[in-house]
Amino acid sequence: YCILFLQRRGAISYDSSDQTALYIRMLGDVRVRSQVGFEPERRSSHPYLCIDFRTLHSKRVHRLLSFQRYLHSSRLLRGIPQQMPLHILDEDYTGQARCMLDKVGNWNFDIFLFDRLTNGNSLITLTFHLLNQYGLVELFQLDMVKLWRFLVMVQEDYHSDNPYHNAVHAADVTQAMYCYMREPKLAKSLTSYDILLGLLAAATHDLDHPGVNQPFLIKTDHYLASLYRNTSVLENHHWKSAVGLLRETGLFSHMPPEDRSDMERDLGSLILATDISQQNEYLSRFRLHLDQQNLSLTSASHRHFILQMALKCADICNPCRPWELSKQWSEKVTEEFFQQGDIEKKHHLEVSPLCDRETNSVGNIQIGFMTYVAEPLFAEWARFSDTRLSQTMLGHMGLNKASWGGLQQELSSASEEADPTTAATKDGDTAGTTEGTSSKEIPQGSNVS
Ligand SMILES: *[C@@H]1O[C@H](CO)[C@@H](O)[C@H](O)[C@H]1NC(C)=O
Ligand SMILES: *[C@@H]1O[C@H](CO)[C@@H](O)[C@H](O)[C@H]1NC(C)=O
Ligand SMILES: [Zn+2]
């Protein structure tokens, strides 16, 4: 699959056949998809106990092993007395963080600033605030202490050393989900149950993300890949981890068992929808509904489908944020890709597409992602919810794409000036140079070291 990704410095060129499928393939390998269903994790009430790090084989990867250290410290932290919301906020910052929460429905909401003002507790604080604001705590008779403990554990189970897939990303997705659920069409039809589910799914959708992608887990024979049979490996794990925390904290233990299991199932169906390799299936169904105008939000299953689409949008809405925010996300996600590439090189594994820092740049990754993944999704979303927010998002995406394009151009003209040979190959590229990005054929740093 690596060879299918044709890319050259300073510009993007793709194999012509099916560019969208190609791009999606890079992000979540569909090659290994199997048609198995989703069996419940046997010991799902304690999902982390199932992770045996010794199964990482001879290709031991330190980054993944840090997982264990992380879980260990997390277990210790869980023993400390529960703190209630306001106490975690430093006095000086409490006021400013509160002030920001007054504008939590704003698309320009600066989650990075909010995270700093809450001393790194953006996910807990934001989710707690939204659940309270909607009155969901009273409505579902949630125990405040259990809820707080649940949110603390959720936040802790994100890896703070991941450049991108950390608790701030989860907080960002939760904030975006909130914005979407406030859109008129949704606001007037969603039930309290839908809203509770939407917020919980957003907050937990990447829980315990290892900072590497599914193809990596498969090729290193990671335990999770075999557990989930190479299919939506990460998403299944996020879901099962969330269910584990729900059960461990007993957040819904006062509800009838049928309701609890419905909740767990629906949570899974939302989280699994964030598997980017399934994007085309979701998009086709969305288009069909929009073309035939037969979405009826009085139907629970249609509302659930819209929640899935909303969560998918929230998950990849980075390109639709104002440049200052969007740019930071782009840099973070690229750094996470590159770190995976570094690990792959170090362990003499094939370097995954987009993960080689020698042949990719933030800009070319972003432009490709917008063109083949984000734009098609947000175009349909704007058809469904034709509002100011949708127009704002598309507007930002257009501007951000142009900005990356401009930066790419500056970069490539700078390198042409510096190195006349790149300029020469760049023009006459069609046959030879494109293959060069197949990472195996590029002389790797590992040969030297
Ligand atoms: C998962 O993929 C790997 C590598 O392609 C393969 O060896 C393994 O048999 C697959 N496992 C399942 C359950 O399909
Ligand atoms: C409505 O939407 C679904 C998509 O799930 C489609 O299969 C169906 O044929 C559509 N049309 C009507 C008239 O129900
Ligand atoms: Zn995510």
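In case you wondered, yes, glycine gets a Cβ from its N, Cα and C as well.
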Candidate from HIS159, HIS169, HIS348 that TrEMBL assigns to the same Zn(2+) 1 site as HIS205, ASP206, ASP315: HIS169
Which listed residue (HIS165, HIS169, HIS205) has most other Cβ within 10 Å, given these are recorded positions: HIS205
Rounded to the nearest Å - Cα separation of ASP206 (Zn(2+) 1 binding site) and HIS165 (active site, proton donor): 7
Spatial neighbours of ASP315 (Zn(2+) 1 binding site) that are distant in sequence (at least 6 apart) but have CB under 8 A: VAL173, HIS205, THR274
DSSP-derived structure type at HIS205 (Zn(2+) 1 binding site), helix or strand or else coil: coil
Where HIS165 (active site, proton donor) sits in the secondary structure, as DSSP reduces it to three classes: coil
Beyond the site residues HIS169, HIS205, ASP206, ASP315: chain residues whose C-beta lies within 8 Å of the centroid, for Zn(2+) 1: HIS165, ALA170, VAL173, ALA202, HIS209, HIS238, THR274
Surrounding CB atoms that lie within 10 Å of the CB of ASP206 (Zn(2+) 1 binding site), all protein chains: 26
